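Heads up: the structure comes next, in structure tokens.
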Amino acid sequence: MKFKDKLKFYVITDSNYSDEVSSVEKALKGGASSIQLRMKTSSTRKMIEVGNKLRTLTSEYDALFFVNDRLDVAQAVNADGIHVGIDDMPVSKIKEIAPNLIIGASAYNIDEMKTAEYEGADYLGVGAVYSTNTKLDARNLGLDGLKDISKIANLPIVAIGGINHSNVENVLECGVSGVAVVSAIVGAENILKSAENMHELIKKYIK
């Protein structure tokens with residue numbers, strides 16, 4: 001299975017909602033195919049401790065494991081990849097240091113998309129499609145903006161930002177390779193059930 005096929009159901013951790021390890025285990029059981037560890041305020045030691053546990057879980061479920069922003073942590077826990085924003089380490093530098101990692105890059109507009117492609121990213125995280133409480137500084141792109149980028153991008157696109165069970169089908173109709181979700185899964189009362197339901201919706205569009 002190519003890595004692109006595993007981008008379809010991409011879950012990002014958030015300890016404000018639930019413990020990373022237990023929420024990821026339930027999400028994987030419910031069908032998540034990629035996991036991203038995002039721990040912006042934690043110590044490096046804590047990130048590595050949690051990352052090692054998530055690496056074990058994702059391997060058991062044959063899912064991809066990404067670390068947000070931190071190349072050192074991604075390497076320490078033997079992650080499959082890293083996801084970076086426009087202000088983080090340049091994609092080209094990551095490729096020099098860790099050529100085997102899958103690199104995702106955030107893009108809020110066509111210029112940022114082109115920069116990510118030029119620098120050698122492997123996939124794009126495009127959004128925010130809808131307003132979101134998990135990333136308050138995110139710029140809203142909307143469905144039209146997502147469609148515009150989808151039409152011209154040469155890389156797989158993972159849509160992100162405010163995606164939930166009621167709007168995910170509208171997002172998938174834009175021709176993306178996957179959707180990234182935070183609160184709709186890890187913030188759910190029943191994470192397993194929410195993941196299963198989301199997986200069923202995604203499968204209608206991406207086999």
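Cβ from N, Cα, C; glycine included.
Annotated in Swiss-Prot:
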BINDING   GLN36, LEU37, ARG38, MET39, LYS40, ASN68, SER106, LYS135  4-amino-2-methyl-5-(diphosphooxymethyl)pyrimidine binding site
BINDING   ASP69, ASP88  Mg(2+) binding site
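Sequence features, as recorded in Swiss-Prot, placed on the structure.
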residue: GLN36; record: 4-amino-2-methyl-5-(diphosphooxymethyl)pyrimidine binding site; DSSP class: strand
residue: ASN68; record: 4-amino-2-methyl-5-(diphosphooxymethyl)pyrimidine binding site; DSSP class: strand
residue: ASP88; record: Mg(2+) binding site; DSSP class: coil
residue: SER106; record: 4-amino-2-methyl-5-(diphosphooxymethyl)pyrimidine binding site; DSSP class: strand
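ARG38 (4-amino-2-methyl-5-(diphosphooxymethyl)pyrimidine binding site) sits 14 Å from ASP88 (Mg(2+) binding site), taking the C-alpha atoms as the reference points. If you take the C-beta of ASP88 (Mg(2+) binding site) and look for same-chain residues 6 or more apart in sequence within under 8 angstroms, you find ASP69.
With the fewest other C-beta atoms within 10 Å around its C-beta, MET39 stands out among the binding-site residues LEU37, MET39.
With respect to Cβ neighbours within 10 Å, the binding-site residues ARG38, LYS40 differ, and LYS40 shows the lowest count. The local packing around SER106 (4-amino-2-methyl-5-(diphosphooxymethyl)pyrimidine binding site), expressed as other Cβ atoms within 10 Å of its Cβ over all shown chains, amounts to 24. For the binding-site residues given as GLN36, ASN68, the lowest number of other CB atoms within 10 Å of the residue's CB is seen at ASN68.
Every protein chain shown contributes to the tally, and the Cβ of ASP69 (Mg(2+) binding site) ends up with 18 other Cβ atoms within 10 Å.
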